[in-house]
């Protein structure tokens, strides 16, 4: 009896092992830990994911890789190309778990429910481009999985701004709603409107700094979106190596569609292209305005190159 009591006392006073975390504000840390506890609590109340096991041996599982962005950088093309690999199971829709509060409050079980059924050897991937520019997302992803492998696809910032506008413009046109010209967004009082959200999304170094607070650079693979458009195979090869996948995707999986003006996919004899909403022509922009964009992004781009120890062929 005495030995039992002594063992109980030692168990109570034994210090708890706490995993190392990056240094962050104590209030933010307390809040994050509180949210994480709630997430795990909801998860445990739902039978620890057992409801997601299928009779054929597949199951839903948390993603081991996330395509975190950037918006209009080519995330859909990257996901479709990566899906050619037999060891990849990709979520069909953008999940917005970490950036939308209503989704995040649902807990990890809800997140798992959005994933595809996959075999144990497969890597589950989801893509939500808004993750990259959302300040709260890096810490939330870190709290879920500190060893997460992240994919980030970027394009020339100026081109990305034009694509950003083009998407919103066509969304309004389809609903028969008027939408201002791009000049009305880009120019304010005769100068470049740096408060335009599309411009802020292209300040890559600011958002990258936030991710590097939680994940080392070797956990974030940057895909060159401009090169992926022009010649996809070499970029996909690099992604395969980053994810430690066997080389299964090859050059014959891609063919250039002259009608659409971009590469499409060939898989087991089937040919498929991205949705017609992809590859839309950008609006005509005056040369002087383009030069203003290029000039504005020159220093931010330089800071980004230094941050990731890599350069890109951007203006």
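Every residue, even glycine, has its Cβ placed from backbone N, Cα and C.
Just so it is clear, the model here is predicted, and its values are computed rather than measured.
The active site, for sulfotransferase activity annotation in TrEMBL covers 72. Long-range Cβ proximity for residue 72 (active site, for sulfotransferase activity), meaning a same-chain Cβ under 8 A and a gap of 6 or more residues, is found for 129, 155, 160, 163, 164, 167.
Within the same chain, the residues at least 6 positions away from residue 74 (3'-phosphoadenylyl sulfate binding site) whose Cβ sits under 8 Å from its Cβ are 153, 155, 223, 225, 228, 229, listed in sequence order. Taken from TrEMBL, the feature 3'-phosphoadenylyl sulfate binding site covers 72, 73, 74, 75, 76, 155, 163, 263, 278, 279, 280, 281, 282.
Sequence annotations record features per position, and here TrEMBL assigns disulfide bond to 264-273.
According to TrEMBL, the domain 'Sulfotransferase' annotation covers 63-301.
Among the features that TrEMBL reports, signal peptide is placed at 1-20.
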Task: Within the predicted model, mean pLDDT of the domain 'Sulfotransferase' (63-301) - done: 94
Task: Cβ packing number for residue 264 (disulfide bond), 10 Å threshold - done: 17
- [ ] Round to a whole number and give the Cα-to-Cα distance in Å for the pair residue 76 (3'-phosphoadenylyl sulfate binding site) and residue 273 (disulfide bond).
- [x] 11
Task: residue 76 (3'-phosphoadenylyl sulfate binding site): tally of other CB atoms within 10 A of its CB - done: 18
- [ ] Measure from the CA atom of residue 282 (3'-phosphoadenylyl sulfate binding site) to the CA atom of residue 273 (disulfide bond) and give the result in Å, rounded to a whole number.
- [x] 20
Task: Cα-Cα distance linking residue 264 (disulfide bond) and residue 282 (3'-phosphoadenylyl sulfate binding site), given in Å to the nearest integer - done: 20
